[in-house]
Amino acid sequence: MKFLLVLALCAVVYAKHEAYIGWKSYYVGVATDAQAKALEPLIQKYELDFLSHPTKSREGVVLVKPQHQAGFVQDIEAGGITYRIHADDVKRQLEFDDQLIEMQRMSSFTRTAGRQLPYDNYQELEVIDEYLDYIGEKYPDVATVVNAAESFEGRPIKYIKISTTNFEDENKPVIFIDGGIHAREWISPPSVTWAIHKLVEDVTENDLLEKFDWILLPVVNPDGYKYTFTNERFWRKTRSTNNNPLSQICRGADGNRNFDFVWNSIGTSNSPCSDIYAGTSAFSEVETRVVRDILHEHLARMALYLTMHSFGSMILYPWGHDGSLSQNALGLHTVGVAMASVIQSNALPNFPPYTVGNSALVIGYYIAGSSEDYAHSIGVPLSYTYELPGLSSGWDGFHLPPQYIEQVCRETWEGIVVGARRAGDLFRK
């Protein structure tokens, strides 16, 4: 049995990650705003991929390709920017992570009688889609699966509607939660599927089912999500191409820069090879159009929009493009703090505390075209980005060990419960 386990782990380890041969990751620290600004041109110059951006209060982590490492180090040393090695061999670290995932899979296989659940491990897209179909078939009185569209590569973009009144009661507020806009943020989809589980399979808050209508979209970006399992673990964007010949080499757009609110004005890129490429136009991506259409279809009753990202233990609200505050800033902050407080009371002690605030001010940089800002701009009163927790600013921040997935799902659900009830109170006033 032990021999078979070793063979299984080896098969996982050597199956992928060749794209990251020779890559390293670095901790990067900045002491001044000028140093933070000096990093910006290096992103394009050296094709840097920041897993987390540095601020004056915390280090960031950046991935660097082998051909750029010497130049990158030389430039940041010249600018007085501090750095240290985070992972000397990114490929080897990813192989170790794969072992943890496979061990978790084997452990849960026995616990769940062979059934793969989308919230007890980092599961492939097919497992998530099968779960949605299972819920729709087993609970047809309250759950309806919607195949909203096909992704660029032809995969279904599925979401589930949960309602005791078939979405026909105009007095019920609508809660919309999505995940997986950024393909590599693997903790995001489980947090959404756990919410489905709690609303349908393991109901402990009956009022949430009776008094609200729910829309839950676990994977906005199925093409990108699938690609992170088969090719590049740190892929972030969609997988589309366009008339620009460069897009055949550098595919996709950043879904969270593709929404039509001050689109492509700041914190984005016009280069298809950039991880923050805003696309050829607002809503150029079918994936973001699905989110847009859901928001507009139910806008009159849309009381709360949550988009799940990672990482950082943050609850963020508009406006992210310039750091200004919404007219509803007090309400946004009050509800955000209430959600964060209950999450914190249910969190493990080794998880960092949640921070609540304006997106740009908390994360330390501006972005245009986000789903959070767009939803608020069209009239959704409470619109938030959840940056789900990690164990550190390093590897275990971005790639949370799989044994912590269910814990994150549980505590995040408690925040959703509070947010929904607060949103319902405001909706009914």
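For all residues, glycine too, the Cβ spot is worked out from N, Cα and C.
According to Swiss-Prot, the protein carries these features:
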type	residues	note
ACT_SITE	E387	active site, proton donor/acceptor
BINDING	H182, E185, H309	Zn(2+) binding site
BINDING	H182, A183, R184, E185, R236, N256, R257, S310, F311, Y365	substrate binding site
DISULFID	C250-C273	disulfide bond
DOMAIN	121-423	domain 'Peptidase M14'
SIGNAL	1-15	signal peptide
PLDDT averaged over the residues of the domain 'Peptidase M14' (121-423): 95
Separation of alpha carbons, R184 (substrate binding site) and H309 (Zn(2+) binding site) (Å): 10
Distance, R236 (substrate binding site) to C273 (disulfide bond) (CA atoms, angstrom): 12
Inter-residue Cα distance where the pair is H182 (Zn(2+) binding site) and R257 (substrate binding site), in Å: 11
Of R236, C250, E387, i.e. the recorded positions, those within 10 Å of H182 (Zn(2+) binding site) when Cα atoms are compared: R236
Secondary-structure category, per DSSP, in which H309 (Zn(2+) binding site) falls: strand
Those residues of the chain, 6+ apart, with a Cβ under 8 Å from that of R236 (substrate binding site): H182, A183, R184, G224, D254, D275
Most distant Cα pair in Å, residues H182, A183, R184, E185, R236, N256, R257, S310, F311, Y365 binding substrate: 21
Proximal but sequence-remote residues of the same chain as C250 (disulfide bond) (Cβ under 8 Å, at least 6 apart): S271, P272, C273, Y277
For R257 (substrate binding site): DSSP state (helix, strand, coil): helix
Zn(2+) site shell beyond H182, E185, H309, criterion: Cβ within 8 Å of Cβ centroid: G179, G180, I181, A183, R184, S188, R236, N256, M308, S310
Count of other CB atoms lying within 10 Å of the CB belonging to H309 (Zn(2+) binding site): 23
Pairwise Cα distance for E185 (Zn(2+) binding site)/F311 (substrate binding site) [Å, integer]: 8
Cα-to-Cα gap, the residue listed as 'active site, proton donor/acceptor' vs F311 (substrate binding site), nearest whole Å: 5
